[in-house]
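Scroll down for the structure; my scribbles are underneath it.
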Amino acid sequence: MPFALGQRWISDTETDLGLGTVVAVEGRMVTLLFPATGENRMYAKEEAPVTRVSFNVGDQIASHEDWTMTVEEVQEKDGLLIYVGVRTDNDEPVALKEVFLNNFIKFNKPQDRLFAGQIDRMSRFTLRYEALINQHQRRRNPTRGLAGGRVSLIPHQLYIAHEVGHRYAPRVLLADEVGLGKTIEAGMIIHQQLLSGRAHRVLILLPETLQHQWLVEMLRRFNLHFSLFDEERCIEAFADAENPFETEQLVICSLDFLRKKRRRFEQVLEAEWDLLVVDEAHHLEWSEEAPSRAYEMVEALAEQVPGVLLLTATPDQLGHQSHFARLRLLDPERFYDYDAFLAEEQAYGQVASAAQELLDGETLSDEAKRILASQLEGLDLSDAAARQQAVAKLLDQHGTGRVLFRNSRANIQGFPERHLNVYPMPLPEQYKTAIKVMGMMGGNGGDLQTRALRYLYPEKIFQQFEGDNATWTQFDPRVEWLLELLLSARQQKVLVICSEAATAIALEEALRTREGIRGAVFHEGMSILERDKASAYFAQQEGGAQVLLCSEIGSEGRNFQFASHLVLFDLPLNPDLLEQRIGRLDRIGQQNTVEIHVPYLEGTSQRALQLWYHDGLDAFEQTCPTARPVFEAVRDELFELLAANTGDQAPLDALLVKTRELHEPLKARLEQGRDRLLEIHSSGGAAAQQLVDKLAAEDDDTGMISFALKMFDEIGVNQDDRGENALVLTPGDHMLVSSFPGLPQDGMTITFDRNTALSRDDMALLSWDHPMMRGGIDLILGSEIGATSVALLKNKALPIGSILLELIFVAESAAHPQLYRFMPPTPIRLLMDKNGQNLGEKVAFDAFNRQLTPVNRHLGSKLVTASQPVIHGLIGKGQAIAEELKGGIVDKARAQMAQTLQQDLDRLEALKAVNPNVRDSELDYLRNLQAELHHLIDQTQLKLDAIRFIVVTHN
């Protein structure tokens, strides 16, 4: 290698040193100074791992004074290069000696890196190309955002999420019955809206008691990091911004908090949101004369926020007027007059009845034919297919079908049976004494609800007098009974739920110390991580806990459907909480009958409450949509009965009669009022099943797993296989980056298997939508990882020393999330021979890749230097070929975009003629989007992303 003082070289092994300058050439040694870091390196001249830095005509280079120039000519004098050209800031002619080049020059273009000897491993070049292909496919995928959640593939949930999540600024009422997964549907919609870029800022308003449940669900299921805002958080955030709600993109807030703090509500209103989600929307009371403060607040937000999701399990149970009020929040122009709404509903009721006859497949009555003919032009009912088509058209024109989704258990398959087992037990003397003493000491005070609650939990009364360490578990017959149940069902997983964390902790200790039963506790005093560990211990089949003991609040939002035995150690006073408890096991996908075990102490209010739930509402063995209104109607009488704690049968019998008289007609009315047309629309039918099949096929695709493992290997992430489909990832000591996106410093347990993730809250479900996968791909493509490579091709059919140049171009336009459906960054691969012919279409990447042998960076640099002029020429020819191919890609994307959006527009315009629920803003949005995307597709640019230089050898 001819070295000369002042020449600029770059280290092949320590590229972060920047540009080096030759400062000494003595005998067989050469010394380089790297001014950027102030370090010296001495090398043997013959084997120095360095590459000469030389630029070419057309390159832009920077001087040590930070001005840049465009090279027009390269001269050489005494072994030193002089770059002649013009400055980019003032167009003055200039000559720059290489010794005055900027020491911090970075080689960002792949060709510059190749010629500067910054050559990467061949495996990283492969990883980069695969990352481009995978990114391209994912961004075009219509199910993007659906597959990534830790959720079961349940047809109706996926259908609703897909249908709503793809809309611009969706405004809908999600009104599935309890247990059908409204929170999951909302989470999937939010996830899609965020990933697609349709939304960036999301506000969720909830009752205070549900805040943590939503926080955990959004994080655990969808990897969405919401922030919980209360007064303390607002004060804290005030240091960073005048409006605290502008410091986070994803916010959860209590509606009650905003109602009490007017200034905070004004700040929420001033912050700009893309999507508003309101849970328990049936609590928003409205009348034309006097709407509630909570309703007015949501109304004010709904007027400003483009997208609104309202969640309620009771769309019409609380009366038609409140149902109208919620629809009015979504579209006040459409639902402007209550009387007009009632008239329309009545007319629609006739259509729904006619549709019911159509669905039942019976001979249509004359009235039904008349109604259907008035709704559908050219009505054809000749065969089953024609009837199905008629139903499909009715669905599209459906009264509130675009804004309201409602599924009931009656129209959704896959729920298990529920079976109640009750165990009456004598009231221990210790409890009798404690209750008597409390009465003598005047401890029966408090409001009606407080007194009703007191006698449901006699262990708390006992502790009141004996202290917190009182060992009630030694004499309470429910504890002995629970021990026997667990010992008799050693192979069964048992979930125990009680109202208080202290009860769960005491029970776990009693089970462990008396019989060595393996258990775990799960309560609100534990951190999310501690709860995850307890949940994972319970889920473990080998060596896991047999029993999980949960408090009321601790169990919110968790599903344990791998267990089928539920022990209700005590009963909640609220029927919604009872259903929530049973819902931990009673889920779609539960394989067995859910065995519900209820022990109670005779002669106490525990027995009265158990009978009220079972004989009055049938709430143990069936979901009870009437429970809430019936509970509100008999609340005072129920509380009086429980507070009396006498065990008298007469008042209990009277209450049971009254409860049934309210429950049965209301249940019949709800069943009769079921909107079959709406349910068919909401469940998705065949379209929903197609979605499930598509996502299941994606789950079975091993391509994502092999790419993920390859990515972790190349970046330097440690992987430890723990069995049971689990892999522990931890940051490696020699990673290419200081931290891997989404990977905590203490590591993370992941699985690629959906079923494993559903039963193990301590594991992350890795999918293409997971932040680690998206972040990993962005990390690779946003850096120079794998941008250059050199390889040998052993092929005796080709002349030795022949060269090939593999060029990876990317065609891309401005980053617009809506554009990705049609024109995501698109890789164009060329394989150029020495004559400038493209062999890329004839020689597939994978097959070619398997024939190549990697070379080390030093040898690779020498091979590149020897062929530099040829490589330059091939890059120029490749650019011209890629431009031509880009034209075809752009034309195809433009045509697909125009066709897709025009179809959407035509359908909505036709629908608007018969269904007023299509908003003008949706039509305007599509028209504007069409024009904007047309312009962006025309602006598509080409960039060279990666180069691989290949030399043919016969050895």
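Don't overthink the numbers, they just go from 1 along the chain as shown.
Just so it is clear, glycine is given a Cβ too, placed from its N, Cα and C backbone atoms.
According to Swiss-Prot, the protein has these features:
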DOMAIN    163-333  domain 'Helicase ATP-binding'
BINDING   Asp176, Glu177, Val178, Gly179, Leu180, Gly181, Lys182, Thr183  ATP binding site
MOTIF     279-282  motif 'DEAH box'
DOMAIN    478-642  domain 'Helicase C-terminal'
Sparsest-packed among the binding-site residues, when each Cβ's other Cβ atoms within 10 Å are tallied, from Asp176, Glu177: Glu177
All-chain count of other Cβ atoms within 10 Å of Leu180 (ATP binding site): 28
Any further residue of that chain within 8 Å (Cβ to the Cβ centroid of Asp176, Glu177, Val178, Gly179, Leu180, Gly181, Lys182, Thr183) of the recorded ATP site: Ala313, Asn407
Lowest local Cβ density (other Cβ within 10 Å) among binding-site residues: Gly179, Gly181: Gly179
Whole-number mean of pLDDT values that fall within the domain 'Helicase ATP-binding' (163-333): 90
Count of other CB atoms lying within 10 Å of the CB belonging to Lys182 (ATP binding site): 22
Composition by DSSP (helix, strand, coil) of residues within the motif 'DEAH box' (279-282): 2 helix, 0 strand, 2 coil
